[in-house]
Amino acid sequence: QNINWDLRTASVFCATWDADKPLSWRSKYGWTAFCGPVGPTGQDSCGKCLLVTNTGTGAKVTVRIVDQCSNGGLDLDVNVFNQIDTNGQGNAQGHLIVNYDFVDCGD
């Protein structure tokens, strides 16, 4: 959000395909990098949405995949992370344990 939802400025993998989408599309959901063990990879994952649930608190948020990662999970934008870290344990531990499901973005 601090970069006006600019995928090129963020240097994310999906910028090649999604940087020229309307601001309303780019800003509809917080962003995540996706490298989960189940689901599409590479360009096929770009623009897809996930419903992410903090397993410790049940807090949920929908995010849009804009990047890749290599940690075997998700790399949530800090604002998204903070939104579902409702008890502060994720910040204290440096990570959250989450479940995710692919959902319709409603675009």
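Glycine is treated like the rest: Cβ placed from N, Cα and C.
The disulfide partner of Cys49, as annotated in Swiss-Prot and taken from the candidates Cys14, Cys105, is Cys105.
Record source Swiss-Prot places Cys46 in a disulfide bond whose other cysteine, from Cys14, Cys69, is Cys14. DSSP labels the residues of the domain 'Barwin' (1-107) in these numbers: 24 helix, 29 strand, 54 coil. Cα distances from Cys105 (disulfide bond) to the disulfide-bonded residues Cys14, Cys35, Cys46, Cys69 are smallest for Cys46. Highest Cβ count within 10 Å among the disulfide-bonded residues Cys14, Cys35, Cys46, Cys105: Cys14.
Within the same chain, residues at least six positions away from Cys49 (disulfide bond) with a Cβ under 8 Å of its Cβ are Tyr29, Thr62, Val63, Arg64, Ile65, Phe102, Val103, Asp104, Cys105.
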